[in-house]
Amino acid sequence: MARYMIKRFWAMAATILVITTLTFVLMKVIPGSPFNEERGTNEAVQKNLEAYYHLDDPLIFQYIFYLKSIITFDFGPSIKKPSDSVNDMLERGFPVSFELGMTAIVIAVISGLVLGVIAALRRNGFLDYAAMSLAVLGISIPNFILATLLIQQFAVNLKLFPAATWTSPIHMVLPTAALAVGPMAIIARLTRSSMVEVLTQDYIRTAKAKGLSPFKIIVKHALRNALMPVITVLGTLVASILTGSFVIEKIFAIPGMGKYFVESINQRDYPVIMGTTVFYSVILIIMLFLVDLAYGLLDPRIKLHKKG
């Protein structure tokens with residue numbers, strides 16, 4: 001176990017290094033600087049600003065300064081909002097993004113499992129076709145399109161929910177739904193397929209022959225083994241939810257990290273881009289690691305100390 005943890009730690013560190021390096025390269029291959037579009041800024045002032053933010057240094061020194069800011073987790077002030085530091089933006093935005101993302105994940109997992117189990121137990125019946133039709137529809141519609149439709153129908157037409165901001169629980173309904181539907185549909189399809197296969201296994205028939213209750217057979221024996229494929233893709237789904245929240249936060253004017261990230265790309269605010277990229281990379285890698293551990297704990301055939 002200790003050897004596995006050490007290997008995973010170095011793998012996580014290497015992954016973060018690759019991601020941050022690619023982010024740095026992509027920022028630098030775009031011609032120009034963040035101050036090119038500033039109106040009324042003369043050349044001397046622009047050069048002073050570039051010197052202040054180390055943008056006129058050789059690339060190797062910029063990269064070293066960039067790595068130093070990552071190691072110390074101090075990304076300095078925003079270029080477009082000098083009075084606001086990147087760390088303060090992360091501190092304000094992360095709780096909002098975390099609340100939105102985790103709520104969507106919980107709803108997606110629970111709803112997807114319920115739909116998948118119902119569809120498997122009523123195989124080739126009305127509930128099966130209805131659940132899988134909803135799943136196909138959920139997979140087919142991108143979350144930003146769904147968000148627009150939800151706003152139009154439930155905020156503009158029916159006026160049941162607010163269309164934007166993030167000040168009370170009722171504001172969470174539409175963005176959470178837009179973010180959770182796609183992953184929920186994927187989980188439902190995987191659960192249904194896996195449950196159908198598990199329910200035909202010999203140990204399920206043995207459990208029925210022993211007189212165990214249907215609830216115990218489904219929950220204790222069938223569902224636990226059917227969860228393996230779901231857990232396998234859960235890390236990817238978590239990543240898609242967290243990164244998908246960028247667009248959702250922008251659409252619903254939610255003051256989370258996604259809002260800052262989208263604005264920083266449009267404004268070429270390098271410190272904010274670096275800070276949000278590194279922060280999200282660390283969160284996603286940790287989530288993938290936890291999913292990997294959960295997979296090993298649920299499947300006794302997997303020995304963590306033998307994994308590479």
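Counting starts with 1 at the first residue shown.
Heads up, the Cβ atoms here are built off N, Cα and C, so glycines get one too.
Sequence-distant contacts of the transmembrane segment (10-30) (same chain, six or more residues past either end, CB-CB distance under 8 Å): 59, 62-63, 66-67, 70, 268, 270, 273-274, 277-278, 281-282, 285-286, 289. Per Swiss-Prot, the feature transmembrane segment maps to 10-30 (among others).
Taken from Swiss-Prot, the feature transmembrane segment applies to 59-79 (among others), supported by sequence analysis.
Residues or ranges marked as domain 'ABC transmembrane type-1' in Swiss-Prot: 94-295.
Taken from Swiss-Prot, the feature transmembrane segment applies to 100-120 (among others), supported by sequence analysis. Taking Cβ pairs closer than 8 Å, the transmembrane segment (100-120) reaches residues 127-128, 131-132, 134-135, 166, 172, 175-177, 179-192, 194-196, 199, 218, 223, 226, 230, 234, 237-238, 241-242, 245, 248-249, 254, 256 in its own chain, all 6 or more past its ends.
For 131-151 (among others), the entry in Swiss-Prot reads transmembrane segment, with the evidence type sequence analysis.
Taken from Swiss-Prot, the feature transmembrane segment covers 168-188 (among others), and the record attributes it to sequence analysis.
Here Swiss-Prot flags 228-248 (among others) as transmembrane segment, drawing on sequence analysis.
Taken from Swiss-Prot, the feature transmembrane segment applies to 278-298 (among others). With a threshold of 8 Å between CB atoms, the same-chain residues lying at least 6 positions outside the transmembrane segment (278-298) that come near it are 8, 12, 15-16, 19-20, 23, 70, 75, 90, 94, 224, 227-228, 231-232, 234-235, 238-239, 242-243, 257, 261, 304, 307.
Residues 115-116, 118-119, 163, 174-175, 177-179, 181-182, 184-186, 188-189, 192, 244, 247-248, 251-252 of the same chain sit 6 or more residues outside the transmembrane segment (131-151) yet have a Cβ under 8 Å from a Cβ within it.
Long-range contacts of the transmembrane segment (168-188) within the same chain: residues 99-101, 103-105, 107-109, 111-113, 115-116, 119, 131-132, 134-139, 141-144, 146-147, 150-151, 154-155, 161-162, 230, 233, 237, 240-241, 244-245, 248-249, 251-252, 254, each at least 6 residues beyond the stretch ends and with a Cβ under 8 Å from a Cβ of the stretch.
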